[in-house]
């Protein structure tokens with residue numbers, strides 16, 4: 001199916017001892033339209049090394065990241081129609097994730113792919129768990145109170 | 001706004017209560033609620049509370065619609081609590097509200113929880129322009145309306161009065177069922193002795209954390225030496241906390257020349273607090289308004305009612321602006337529905 005929700009995440013163990021994590025939740029648009037998000041959002045912050053990327057900064061070897069080769073993984077959740085996929089995205093997108101140190105990513109960035117850093121794998125786990133919990137709740141809500149009224 | 005009746009669905013879940021209420025033009029059509037009750041000695045944690053809400057919010061919604069005898073197509077607007085409150089439970093309910101609004105193609109409306117309490121209190125009691133004492137597990141504020149804002153005259157500078165009571169209940173391992181405050185109130189009725197506790201009114205503000213630390217420190221010693229009973233401690237704590245609240249409310253009423261006082265929030269259904277407020281009001285020739293536990297304690301209808309007032313004056317929340325916020329002060333809301 002052409003319509004789905006993509007959840008991807010990958011992680012590297014950074015040279016400074018922190019986890020760097022990218023996660024994105026987005027709706028794949030039907031064929032012929034550009035998907036609502038593919039690839040990292042450069043506006044949020046300068047990119048650091050990501051999974052699979054070659055270290056570009058050869059000069060400072062001591063700061064090179066230690067790679068833990070997590071393959072980036074993707075979860076596709078099919079919806080019966082583009083409208084329902086759009087609704088799910090609309091329900092999950094507005095809330096900013098709490099950033100490290102309580103710093104929030106501005107909500108208007110959330111509809112595009114998002115990235116954030118977590119100092120501990122635990123924080124990453126909690127975040128993805130909560131994303132999936134909310135996704136499940138959206139789907140249950142659709143099952144009980146759907147289908148969407150035609151517009 | 002379009003003529004004819006307006007029906008608003010309100011969803012609340014900012015703390016350990018989750019509720020769905022339907023209000024049509026000042027009439028509460030349904031207002032079911034569920035409460036997450038942790039074991040004695042424990043408080044409610046955000047993750048557990050959110051799990052509780054996820055587990056029952058959809059059944060509650062169905063119950064609310066059935067009781068009101070309404071079809072989703074008859075709902076004009078979906079209101080939900082935007083804040084303040086605990087993050088995880090707030091998001092849980094907001095996610096459902098957003099999904100419903102989109103499924104039904106209806107406008108969405110983010111409501112300030114405190115404003116919800118005030119508007120519900122005004123609706124149920126008919127108070128016109130009261131000085132409001134808003135007391136709950138998360139908030140303690142004295143509020144008066146002026147120039148399209150609910151202005152905060154006084155508030156706690158640390159923890160809420162309900163939080164002080166809840167945490168005291170944990171010290172004594174008092175049951176959280178149906179609520180710690182209710183059980184303290186029942187025990188306090190059997191108190192015979194007033195134990196002296198710090199009294200911390202600071203101008204128009206109050207502080208409760210020092211009282212809590214003090215009672216946490218002395219409680220077990222005093223109980224072990226049989227200087228006092230748990231009932232005496234409940235009684236003394238209530239008397240001290242409520243006297244402070246009555247004092248700042250009275251000062252706000254004197255300042256505003258107010259002839260009406262309204263008590264809202266979960267602690268507001270405490271009959272001893274209502275009694276003390278009643279005495280103060282009688283002495284001032286003012287009238288006291290309070291509601292019972294159905295509307296005092298967090299519920300969906302209060303969000304629906306505030307949402308109804310907002311919606312009829314043209315307010316809506318765009319989907320992308322529907323994020324929740326743990327901090328959301330009462331005076332941030334522009335009150336478009338009052339003169």
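Placement of Cβ uses the backbone N, Cα and C atoms for every residue, glycine included.
Look at TrEMBL and you will find B:33-304 tagged as domain 'Gcp-like'.
Cβ contacts within 10 Å of residue B:134 (divalent metal cation binding site), excluding its own Cβ and spanning all protein chains shown: 27. Look at residue B:134 (divalent metal cation binding site): DSSP puts it in a strand. Taken from TrEMBL, the feature divalent metal cation binding site applies to B:113, B:117, B:134, B:298.
Residues or ranges marked as substrate binding site by TrEMBL: B:134, B:135, B:136, B:137, B:138, B:166, B:181, B:185, B:270.
Each of the binding-site residues B:138, B:181 was assessed for Cβ neighbours inside 10 Å, and the highest tally belongs to B:181. The DSSP secondary structure for residue B:113 (divalent metal cation binding site) is helix.
When the binding-site residues B:138, B:181, B:270 are compared by Cα distance to residue B:298 (divalent metal cation binding site), the shortest distance belongs to B:138.
Residue B:270 (substrate binding site): 27 other CB atoms within 10 A of its CB, across all protein chains. Highest local Cβ density among the binding-site residues B:113, B:117 belongs to B:117, counted as other Cβ atoms within 10 Å over all protein chains shown.
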